[in-house]
Amino acid sequence: MDWIKVSIFTTSEGIEPLSGRLYQLGITGLEIEDEKDFKDFLENNKQYWDYVDDELIKEKEGETEVIAYVSDNAAGHEMLMAIRNTVAEMKQLDDENEFGRLEIHIDNMKEEDWANNWKKYFHPLEVGEKILIKPEWEELKDNTDRIVFNINPGMSFGTGGHYTTQLCIETLEKYIKPGVKVLDLGCGSGILSIISLLLGADSAFAVDIDPNAVDIAYQNAGMNDVDISKYTVKAGDIITNTELQNEIAKNEYDVVVANIVADVIIALAPKAREYMKKGGVFITSGIIEDRVDDVKAALEKCGFEINSIKQRKDWVSIVCK
């Protein structure tokens, strides 16, 4: 299958609202190229060069690129139309031009081109004190005492390298104990729920709005020799899908984790409260710094008590009980 690369040009301020809109369409795996991250990269790696081309700096100046991939078939073209519509609506509502030009650029990519492009940048990564994330196609050169999580995320989902995912994994290391039940909302490739099982959780229920997540998460579970009887992955919207709600509600969960975006966390907060055991913990991440107060207010309104707030770069994780 071939793919369509959809690049949307916005600003740093536009990342959160644009990502939220794309998530609502069922697109949960995004690449983000941010001017601020580019400048930080240059600043933190001065030792590697004496000169950076002014044209390259100019190209990145004042612009952020949010990138999604859709399949080059009828369903993908329908999704592309939905992307165009939601971006046009966002642009129409942006009276002060806070979110930049919001223009869309389309590229067609063959599957092997896409695979080669992203695989060459994905290498083993130590996260927290216990976890090593390893691409399934790479071999470890040295022995390790860490728990190795093998992953092949597929083109639509993350690899575990983003700050938001790392913050969640570090927190899971603290709260996962034998006998714990975990609910992973917006599971993507299953990183957080599978790592929870590897850390010793008794069971995990994972859900994502994207149907592709089910197969990819189960594949990653198999790659890590997870007992499938302890792992359930479902696709659907837990806000509107009553059948899915009822299935999730068959258990109460010691740990609920949601690594998504602020608006979706706000919408999910009442459900998270409903599904949690008394004394359980709700781990949220994917929140940009500017939206922390909004998320805190929504969580507190649902009866959560803020336990801790951690930040890495512009990304924030809020843990509450």
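Just so it is clear, glycine is given a Cβ too, placed from its N, Cα and C backbone atoms.
Those TrEMBL annotations? Automatic predictions, nothing curated.
Taken from TrEMBL as is:
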BINDING   Thr165, Gly186, Asp208, Asn259  S-adenosyl-L-methionine binding site
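With respect to Cβ neighbours within 10 Å, the binding-site residues Thr165, Asn259 differ, and Thr165 shows the lowest count. For the S-adenosyl-L-methionine site, whose annotated binding residues are Thr165, Gly186, Asp208, Asn259, the maximal Cα to Cα separation is 16 Å.
Spatially close to Gly186 (S-adenosyl-L-methionine binding site) yet at least six residues away along the chain are Tyr23, Thr28, Val207, Asp208, Ile209, Ala258, Asn259, Ile260, Val264, judged by Cβ distances under 8 angstroms. DSSP classifies Thr165 (S-adenosyl-L-methionine binding site) as helix under the three-state reduction.
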